Amino acid sequence: MFSYLISVLAVTSILTWGVVGGSPAASTLYLSQTGTQFSINLPSNSSDVYFYFTSPAFSWVAVGPGTKMAGSLMFIMYSSANGLNVTLSPRIATGNTEPTFAKEIQVEALPGTTINNQSFVLNAVCRNCRSWNGGSLDVTSTTQPWMYAFGPTNDITSDSPSAPLRRHRDYGHFQMDMVQATGEGGVPGPSTSMNGASLIGGVIIDGDKASIIHAVLLAFAFLIMFPFNVALVGFFKTAKLHMWFSGLITIFIIIGFALGIYVSGEYNRSKHFDSAHQIFGFIIIAIFIGVAAMGGFQARQHKAAPATSQPSSNGRREPTKLDSTHKWVGRLLWVLGIVNGGLGLQFSDSPMHTQIIYALVTVALALPLAVVYSCIWRKRKVRQDRDEDRDVVLEAYYATQPKPPY
């Protein structure tokens, strides 16, 4: 009988320890749409923060406390260089821009962290990080605001905590009960239910629209509009149509350039404006302003004083040095713009297939353009030969005529 009572007490003690001491306190967010779980634990005997974070392997996934990016401590995870593990990067943002790696934050990925079935699985602890430069966790709040975000679908494989990130594809807000998460310390376990957390609104679809518009406008301007404008001049010889179409190109380039400036301020790798793509961009816009100024000066000069513009014997105006300069600098500008488009795709970490498509489109357009420009050149050559023959005939005719008496 005595031994039976001892056994019952032992089993009761084990069960009690398993319930009370074996499971860390936690609040859990679970997104059924993506199978994303974020659980947080606040040990009552330290200022550490434990968390369990799992999500499908987008390019990156992040959570952070607060209602806005500025000042929020964000825990961002993405694939390691070998694609077998998770790189954990604590970052702090100064606004709606790419957050910067915060090396002073002591965060550690714990055993069990891995990539499994194309999903990130992260067990982690952040030492003494309930407050940081610019913000803090309210451990007494039952409605502490948080944010989550998913990166685009392109891959990041890096062991660096400062790896460049592209703008989030989706994001949202939720709140968590910090009181419920306080207690026995440790990494929370997996769960497929919401507990101590609630969503605030739905998933917000975002994406890097400004970068896309920047790329589309300038690619269309240099790949399509520029050569078409040259063809207009070559075939129809209409200065007015050339002027109006050049004005339309100017609008595209100015808007594209302005968007490029805006987008550059969003990313750590571009905010200093020291990349080859950006430097070429400033050079191109400077050349473009010069070409536009030359074109405007030519138009005013020809309109105001047509009689001073070197007529030939056939009545056509001979091209001036300014005309030739305008033409050849415009061609240089066109080539620089196409090359810089390729540099921009590389600089923005665009997928390789996008860069290949851009190169193929450039080559595909170059072939028919070569035919068009060959036709224009032959047309000019035939006209030039005809004019020269006419000049020879006229000179021979006038040579046989008697000289005037005066």
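These residue numbers are counts, starting from 1, taken along the chain as shown.
Heads up, the Cβ atoms here are built off N, Cα and C, so glycines get one too.
Taken from TrEMBL as is:
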| type | residues | note |
| --- | --- | --- |
| SIGNAL | 1-21 | signal peptide |
| DOMAIN | 60-151 | domain 'DOMON' |
| TRANSMEM | 212-236 | transmembrane segment |
| TRANSMEM | 243-263 | transmembrane segment |
| TRANSMEM | 275-297 | transmembrane segment |
| TRANSMEM | 328-345 | transmembrane segment |
| TRANSMEM | 357-376 | transmembrane segment |
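Within the chain, the transmembrane segment (328-345) has long-range Cβ neighbours (under 8 A, six or more residues past its boundaries) at 215, 218-219, 221-223, 226-227, 230, 276-277, 280-281, 283-284, 287-288, 290-291, 294, 354-355, 358-359, 362. Counting residue by residue with DSSP, the domain 'DOMON' (60-151) contains 0 helix, 50 strand, 42 coil. The average per-residue pLDDT of the prediction over the domain 'DOMON' (60-151) is 95, rounded to a whole number.
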